[in-house]
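Structure record follows, encoded as C-alpha cells.
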Amino acid sequence: MQMDSQFPARKVPSFCSFRYGLSLLLHFCNVVIMAQRMCLSLTMVAMVNSTEPHGLPNTSTAEHLDHIKNPVYNWNPKIQGIIFSSIFYGVLITQIPVGYLSERYSIKKMIGVALFLSSLLSLLMPMAAGGGEAFLLACRVAQGAAQGSVSIAQHVMWVKWAPPLERGRLTSLSLSGILLGSFIVLLVTGFICQSLGWPMVFYIFGACGCALSLLWFVLFYDDPKDHPCISISEKEYILSSLNQQVSSRTQPLPIKAMIKSLPVWAIAFGSFAFHWTNNIMLLYTPTFINSKLHVNIKENGLLSALPYLLAWSFGILSGHLTDFFLSRNLLRLVTIRHLFNTLGLLLPAFFSVCLLYLSFSFPSTAVFLILASSTGTFCMAGVLINGLDIAPSYYGFLKGVTAVIGMIGGLISSTLCGVILNQDPESAWFKIFFLMGLINVICLLFCLIFGKAEIQDWATDRQEHTRL
C-alpha cells in the first residue's frame, strides 16, 4: 500500500489551527525539557568553583552569604562525569517500555505526568545536591526516565493528530524545541548563576515546566474527535485524512516481522549514524574550539550556542520543505526521506572534513564548525520520522527500539572520542571526523538501498501474520 496514494485531495486548512497550536505547545515543552537536562552541565562550574575550605573563622559576611546563595561542593572530575551521564541512563531505560505503552494508554496522561515529574525533580535538584552525590544521582536518573517518556510518547501523538501532508511541519516544529532549548540554556544559565545564584536555574526551569504541564492537561486530548475546542472543519479534515491509516489494534507486536524487515533496519542504522554524529558535535564542540581557536570562555560559549540556533532553523525548514514537495506532488515520499537522510548524514561529515583542510582562518573555522554541528537536523524529515511512514500502528514501539539503537551509537562515539583525544591529541580530530564520515556514509547507503516510506504488510491489520 503506497502512502502517496492515500493523501486526501482536499485543501489543507490554514496554518492558524488547533493542531499547530498543540505542536507549538509541545515545542515549548521540549525547550523546557532540554533546558532542564543541559543546565547542570553549566551550573556545575559554579557548584564546584572553589578550592578553599569553607567555614573558616575569618570568612567575611559577604562570602558567607554568597556560599548560602551558591553552595559549593567538593566533587572531583570523576564524580562530575558520573553525575552528567546519569540522566542518559534514565532516558535509555524508558525508550522501549514507554514506546510500547504509549500505543495502549493515554498520551495525554503519559506526557503530562512525565513533564510534571521532570519539572518537580528540577525544583528538588538543589536540595538533592545538598544531600550528597547519591541523592543527586537518583534525582538525575529519575528525571532522565521522565524526560525519556516525553521524548518517545510525543511521537505517538502525531499518529492521530498529523495529516500525512502536514507531518513534516508538525513534527519538525515540535521537535525543534529541543534545539532552541539548548540554545537558550547556553545563553541564559551563566547570567542567572552570576546574578541570582545557580539554584535559581533549576527553580526557573522547573517552574516553567510545571506551568507547561498544566497547560498540556488542559489543552491536549488523545484523539481529535474528543476535543471540545477544535473546529468541526479541522476535526473532519484530520479524521478523513487519517481514515485509512489509523486503526485501533489489539494484536500482539509482530516482533519476528520487525526483525526481518530491512526498512526497520534502515531506520535503525540511520538513527545510529545520526546519534553518533550528534553526540560528537554536542559534547566535543567546546573542546574543539578550545584546542583550535584558543578563545576565552565567553566566546567559546557563544560559538557553542550558535549551531543550535541554526539547527533550529534547519529543523523547521526541513519539515516545511517536506510538506511542500508532497502537497505539490514534486517528489515521492520515499524520495523525500532519502533526500533529507542524505543531507542530514553527509553534510556534517563534509563540513567536518572541511574543518581539517579548509579552515585557514578564524571565520572559516567558525563557519564550518557551525555548519557541521547544525546540518544533522535535516534528519528530522528523514530517518527520525520514517517509522511513522512504515508502521503507524506500531510507531511507539518502533521509535523506542530505534532510539535505543541510536543512543547506543551516541554513547559509543562519545566514549571513543575521549579515548582518541587522550591517546593521540595531535591527530585526534583527523581520526574522529574521518571515522564519523565513514560511519555516516555506510549507514546512509544502507538507508538509501533498503529504506521505504510505505506501510509494510506486517504493520497492517487486514492481514494475518505470524507473531511472537
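Positions of Cβ are set from backbone N, Cα and C atoms, glycine also.
Features as listed in TrEMBL:
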{"type": "DOMAIN", "residues": "16-455", "note": "domain 'Major facilitator superfamily (MFS) profile'"}
{"type": "TRANSMEM", "residues": "21-48", "note": "transmembrane segment"}
{"type": "TRANSMEM", "residues": "79-98", "note": "transmembrane segment"}
{"type": "TRANSMEM", "residues": "110-129", "note": "transmembrane segment"}
{"type": "TRANSMEM", "residues": "170-192", "note": "transmembrane segment"}
{"type": "TRANSMEM", "residues": "198-221", "note": "transmembrane segment"}
{"type": "TRANSMEM", "residues": "262-285", "note": "transmembrane segment"}
{"type": "TRANSMEM", "residues": "305-326", "note": "transmembrane segment"}
{"type": "TRANSMEM", "residues": "338-360", "note": "transmembrane segment"}
{"type": "TRANSMEM", "residues": "366-388", "note": "transmembrane segment"}
{"type": "TRANSMEM", "residues": "400-422", "note": "transmembrane segment"}
{"type": "TRANSMEM", "residues": "428-450", "note": "transmembrane segment"}
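By the Cβ criterion (under 8 Å, sequence separation of 6 or more), the transmembrane segment (428-450) is in contact with the transmembrane segment (262-285), since 3+ such pairs are found. In this chain, the transmembrane segment (400-422) lies out of contact with the transmembrane segment (338-360); the count of Cβ pairs under 8 Å, excluding pairs fewer than 6 apart in sequence, is fewer than 3. Looking at which of 21-48, 305-326, 366-388 has the most CB pairs under 8 Å to the transmembrane segment (198-221), the answer is the stretch 21-48. When the stretches 21-48, 79-98, 262-285, 366-388 are ranked by Cβ pairs under 8 Å to the transmembrane segment (170-192), first place goes to 21-48.
Each of 79-98, 262-285, 305-326, 400-422 was scored by its Cβ pairs under 8 Å to the transmembrane segment (21-48), and the highest score goes to 79-98. Tertiary neighbourhood of the transmembrane segment (366-388): same-chain residues 155, 158-159, 162, 167-168, 171-172, 175-176, 179, 263, 266-267, 270-271, 274, 277-278, 281-282, 285, 288-289, 293, 303, 306-308, 310-312, 314-315, 318-319, 321-322, 336-341, 343-345, 347-348, 351-352, 354-355, 358-359, 395, 398-399, 402, 447, 451, 453, selected by CB-CB distance under 8 Å and a gap of 6+ residues from either end. Sequence-distant contacts of the transmembrane segment (262-285) (same chain, at least 6 residues past either end, Cβ-Cβ under 8 Å): 303-304, 307, 341, 344-345, 348-349, 369, 372-373, 376, 379, 382-384, 386-387, 390-391, 398, 401-403, 405-414, 417, 421, 432, 436, 439-440, 442-444, 446-447, 449-452, 456.
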